[in-house]
Amino acid sequence: MPNTKPRIVITMGDPTGVGPEIIAATLAEPEVRQCCRFLVVGDSAAMARGITVAGAALRVERTDTLNWEESKEGVLPLWEISSLTEADMQYGCPTVASGDAMYRAICEAARLCLEGNADAMATAPISKEALNRAGHRYPGHTELLAELAGAERVVMMLAGFRLRVTLVTIHEALADVPRLVTFERVLETIRITHRDLHRYFRRNPRIAVLALNPHCGEGGMFGDEEARIIAPAVAAARQEGIDAIGPLSADTLFHFAVQGAYDAVVCMYHDQGLIPLKLLHFDDGVNVTLGLPIIRTSVDHGTAYDLAGTGRASAESMKAAILMAAEMARVKGSGGGTP
């Protein structure tokens, strides 16, 4: 019988951070090895060092063919895209070479997915500074992947088993948020959230849409974005058959969301969504890029230079990202989620 386990390609992230070691720790776990077939895109020296730091019973095996065989016991299959020197891999000291290696790993993984040679990609954390020093001017994974995939609008979703949040604005100064919360952005965020939750998680997702201001603006006393922008966007989404409700006050909504009343919460700005998400899922939260033609999940943390090489970095978010990518690929392959 053909092997139907999802094919997950994993990028090594910043070789001077915790990426290689949390990947090694994750891929040594039977639960992960049994749920999917996997291939790491990265540097063999960096991954071998990561295996040692993690104390994983694995060895790197380089490959240049995509046969997607069942992963051999004790083997970490690697698609090599760089040959970093020891100087390029000093912990906490990203270089131009390491920044270029991160970029090439992301591009190669995206290419494999876009060409149908992998079912999903899961990414380890990168250094945005090193990426830019290497001449690749992107704020992060999301913007680079959107360009590679030709996606006009993407949405960041942070997810755990108790809560999913999506963001209308992401890395913006709080003072700029009211100007950036537009009817078009709110409606498009609701649409993409609905479409991809339908595609990868549930057939009929129920979506809560948060207010921007305290108490939904209190009838205009604390701002009018709710009446002028958010409520019309929710009404337009409902006209399209989307089960969206809002605007709702953020100070009470999350109490009901974590009890399962909603499948996702659309938030107006970064901290409005990430504070409750990280309160619940600090170790095992997953970053998912919605709006792409491919599945991309990632850890919900950074390079953690202070922990790199110590063996103390938690691999729970990396594990959750790979497991979620595999589950999303399975649901997509079966034609959609279940009600």
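Every residue, even glycine, has its Cβ placed from backbone N, Cα and C.
In Swiss-Prot, the divalent metal cation site is described by H171, H215, and among H270, H281, H301 the residue recorded at this site is H270. Same-chain residues at least 6 positions away in sequence with a Cβ under 8 Å from that of N287 (substrate binding site) are, in sequence order, M156, M157, L158, T297, S298, V299, D300, A321. Listed binding-site residues: H215, H270, R296; maximum Cβ neighbour count within 10 Å falls on R296. According to DSSP, T142 (substrate binding site) is assigned to a helical segment. For the binding-site residues H171, K278, counting C-beta atoms within 10 A of each C-beta gives the highest total at K278.
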